[in-house]
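Annotated features in TrEMBL:
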REGION    1-22  region 'Disordered'
REGION    366-391  region 'Disordered'
TRANSMEM  40-57  transmembrane segment
TRANSMEM  63-83  transmembrane segment
TRANSMEM  95-117  transmembrane segment
TRANSMEM  167-191  transmembrane segment
TRANSMEM  226-249  transmembrane segment
TRANSMEM  255-285  transmembrane segment
TRANSMEM  292-315  transmembrane segment
TRANSMEM  327-353  transmembrane segment
Amino acid sequence: MPRRLGESGAGPSTSEGRDRMPAGWAAVPGRLRTTGATSACFLVIAAAAALVGWVLVRIAPVTLAVTAALFLTALLHPVVAFLGRLRVPRALSALGALVLLVLIVAGPLTVVANQAIAQSDDLRQQLVTGLERLRAFLTAGPLSQQQLDAALGELTKALQGVAPGPLAGAMTTLQTLAAAATALVLLFFFLRDGPSMWEWIVPRFPSRSRERVDAAFRTGWSTLVAYVRGTVTVAAVDGFGIGLALVLLQVPLGLALGFLTFLFAFVPIVGAIVAGAVAVLVALVSNGVTDALLVLAAVVVVQQLEGNLLAPVIIGKAVHLHPAVVLLGVTAGTLIGGIAGAVVTVPLIAVAYRTLERGLFVETASEPHQHEKPGSHMHEHRGQERDVDPR
């Protein structure tokens, strides 16, 4: 039986091992050799991760399409499972879930678009009046007219520098549409063939590792499912609460701003702040200071409810990440992939952490012994892991 690293053996074996060492290596203390080997392994892993990340960024539309399809699969697979229990063929179940998703997305977008078109003239007039009011307040207070004009000129230049040109904008639009179409197609295949895909992948691993890989995947998948469902719930509460306040105060585009709040809630920590600031700013420009303060109060109440009650209970148990890690992940994701990177970074970190934790540091219930064939308890183990079955 082969000895583990660091175990002492018989004299001849030890001397032979030392004879095979490079000149002078035997004089290095054992702990230092172990530390060096461990550091080298970490460097290799970090280099491989950096290479993979570089490739994923280079093919960003494909990466985002696959990621979006996986997230939506985590959200919609209960629909497929429910239809399957009604003996609906799996292909029709997947197609039905896809149609349901399109209806859920198209409905609010249609309402928001109709509201924006209906209120466009009134909103334009209110914005002009509000901006004039804001200009008068600033020039009568902390700024002179020259300072305000200079600041507006700098802001205009900055916006022109950030805004893409016509060709770049057209290319971005085409890439976005192509990625969305790819994501929908992948979503259908994941919903229809997800379990069979995984059953094909697992046997490709060494027999000794199959059970551990299967358990790690199921743990990671359950983490993703819990995160996506929890985030959708929290985002819906945010959007409904702030949107209701805006509608009651008759702020222009109240429903649109509520839907914007729902979308921004998918960016942890930062998204809620940005969406709340936009809502307060629109209320200030269109309705005045009093309504803006009322909107600010509603935003604070809703976000406190989310941050102190909903998110810890619904999402916290699934993510197991410190807020500092979440903030750093959002920042890094934004720098790498913009808004899309900010949305997907935290769930990917959580899934990777839980998967590695389950796969590397937790013994499976049926770890094979010397007298047992690897994988002999696979069926039993799958029964124990049924709560995290991706199907």
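Note that Cβ sites are derived from N, Cα and C of the backbone, with glycine treated the same way.
Any TrEMBL annotation is an automated prediction that lacks curation.
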Non-local residues, at least 6 beyond the ends, that sit with Cβ under 8 Å of the transmembrane segment (167-191): 61-62, 64-66, 68-70, 72-73, 76-77, 80, 93-95, 97-98, 101, 197
Among 40-57, 255-285, 292-315, 327-353, stretch most in contact with the transmembrane segment (95-117) (C-beta, under 8 angstroms): 255-285
Distal contacts, the transmembrane segment (327-353) - CB-CB under 8 A, six or more residues away: 53, 57, 60, 64, 67, 71, 220-221, 223-224, 227-228, 231, 266-271, 318-321
